[in-house]
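Here is what TrEMBL records for this protein:
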TRANSMEM  7-33  transmembrane segment
TRANSMEM  53-76  transmembrane segment
TRANSMEM  96-114  transmembrane segment
TRANSMEM  178-196  transmembrane segment
TRANSMEM  208-228  transmembrane segment
TRANSMEM  234-251  transmembrane segment
REGION    260-284  region 'Disordered'
COMPBIAS  264-275  compositional bias 'Polar residues'
């Protein structure tokens, strides 16, 4: 598995070191009752004062750390080895924007208080990604004469969020209803992109599933919060680790953009796969 990716060895090393350090911090937390080191390693911030190092709390932080460890491996390993497709100008721009957006997700995770100088770059990078996806996905997103709708949704959703963050930094509050409109526009466009990406076999099914999970999992965790928060007081803080799912989707989308695209039949499988009798598998 390690040889299948261009940067597999350094990625595996970094991931292993991080995982070992998290395990050591968990043991320290259970022995000393101090969650400080473990929370900084897994949530990149300290938990609320007075929260005890119970088995449930430590377990929640370990799960957050496990998700970030998996994300490190997925992101740092780079593209798969082997021949790569030659990218046109639009694909090169999208790939660069995807990597920039990946870095901004890490930045906002490292600074959980989310000051404007972390959220604005993230919103702008996300806006660029969503706009640049359209020429690459092409017909998978719908008829060309409807392309302007995607641009409006992308710029309105993600660009609008950036404007709101800047205004907020200067003490100018935007009505909550406006923020919901921006959020809904961005959500609709992301769903359309994921749908189109699902039908474009440059990307593996697992990559698209990470994008879907990045949308769905945080909502589910918020809904079941009253149940699980009783057992783990750090539960709501630990849910911030779900940002790792978006981290993975962005990076994998960039990695796999160089994969040669084979023509699909109406069933969504490449012709060569059908003729050879091979069934595509979901890669992890």
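Positions of Cβ are set from backbone N, Cα and C atoms, glycine also.
Pairs of Cβ atoms less than 8 Å apart link the transmembrane segment (178-196) most often to 208-228, out of 7-33, 53-76, 96-114, 208-228, 234-251. Highest Cβ contact count with the transmembrane segment (234-251) among the listed stretches 7-33, 53-76, 208-228 falls to 53-76 (criterion: pairs under 8 Å).
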